[in-house]
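What TrEMBL says about this protein:
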- B:CYS77: active site, nucleophile (ACT_SITE)
- B:HIS190: active site (ACT_SITE)
- B:GLU192: active site (ACT_SITE)
- B:5-206: domain 'Glutamine amidotransferase' (DOMAIN)
Amino acid sequence: MTLTKRIIPCIDVDLDENGDAKVYTGVNFEDLQYTGDPVEMARAYNRAGADEFVFLDITASADGRETMLDTVSAVADEVFIPLTVGGGIRTKADIVETLRAGADKVSINTGALQRPGLITEGAESVGSQAIVISVDARRRYDEGGEHYEQVDGESCWFECTVKGGREGTGTDVVAWSAEAEERGAGELFVNSIDADGTKDGYDIPLTRAVCDAVSTPVIASSGCGGPEDAYEVFTEAGADAALAASIFHFDEHSIDEVKRYLDERGVPVRR
Amino acid sequence: MQVTIIDYGVGNLRSLQRGLERADATVTVSDDPAEIAASDALVLPGVGAFGECVRNLAPFRDVVVEAAADTPVLGICVGFQLMFTESTEGAPEGETIDGLDLIPGRVERLPSDEVKVPHMGWNELTVERDHPIVDGVASKTPQADGDYAYFVHSYGSSVADHTVAACDYGFDFAAIAATERGNVMGTQFHPEKSGDTGLRVLRNFVAFAEDWNDTTVTAE
């Protein structure tokens, strides 16, 4: 009856000095460390019991696009679980060509904020199930948006940012999430600039605010330090999936360990 | 074992092809009716809306129906739904759109009063009856979890005699079904996205097709 809660490893892929696609993992959000080969990592996570796999293309240049699509295809050949690909998707053609390369879903952030019609076009052309809207939320304590209570009692609103949190847009994350759903987004991918890299847990008020505002599945991201954080975001915020990168990449916790922890506490997972 | 995926312009067939190759099949992706008709086994994929898939499949409709008489055929997701008699998707209120009518039954919208539609994610299988397609697939029981499969759909057909495995999402629908003769079968979930369970189903199909063709050749 109930769908299982999903555990999703994510890789950030960039090109190295030789133009080869490599996985980098952020430590404290800026210091990117080389952590491996995308295809090898995809194969390992597929074997380790990941429920889905997310591939984010973080190349700054447009030239890398072709190499990245080849890498997406190589990854798609190794994972027999749903594959989401994000990064630099701005047009309907980008969506179609990324799916053609082997992705099951595309994750769109800036491209949708700049032109919300892209969500509608994408959903009409490839179906809502393939359109994931990603937000990079940042806490703001001024009066720019609707405020939500924080755990420590202080309230804030959540702003959509671009360029890895360096630039604000003034758009309210919760209102934008509802609009994205209205336009045909099939899932929402909620990153927190404040929680990213801290390993102090997901941003619960943020995730809960989005979950309360939409009925499409919500994937919580940023801040996962271990199994208890995944448990918290499922039970306290109502997330449908929990995404993590560094805890898996650096072998601090295994997917099975996270799922066992959840299973023992009554959270439905696929094991 | 040679398997042909029917390419009628619906979505990405890459993962499905790789999955079947993992199951040791030699895979052809074809939009040529003659080549499809000559195949040892067929896979009918499908993504998107039922009506659009019916329209796109029109040039291959006769070939598929004829093949279904004596060739193993596996339908997947909307390809599986196409095997049923009819669907309410995209039809005016009270009407239906005709499917291939290989498996009796109607495809209807999942009831959304209790659950989110589309049904998207991993859900458990309950094996209802024996068929080679579910060899080694663990069934949900009151004591134990069944194997999980990955679903993405808003429509389904209720459990009936043809159901091989059921899934519960607001109501019990057919996750896997097969005809009485057994050579026409399908999965509502995506086996190529369902991890080890999905690969097992694909291997089962390829093994079934091998046996079927051996037996048919011997009988003749």
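Each residue, glycine too, has its Cβ placed from N, Cα and C.
Just so you know, TrEMBL annotations are computer predictions that nobody has curated.
Annotated features taken from TrEMBL, shown on the structure.
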{"residue": "B:CYS77", "record": "active site, nucleophile", "Cβ within 10 Å": "26"}
{"residue": "B:HIS190", "record": "active site", "Cβ within 10 Å": "24"}
{"residue": "B:GLU192", "record": "active site", "Cβ within 10 Å": "28"}
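Here the Cα atom of B:GLU192 (active site) is found 11 Å from that of B:CYS77 (active site, nucleophile). Rounded to a whole number, the C-alpha distance linking B:HIS190 (active site) with the residue listed as 'active site, nucleophile' is 6 angstrom. Per-residue confidence over the domain 'Glutamine amidotransferase' (B:5-206) averages out at a pLDDT of 94.
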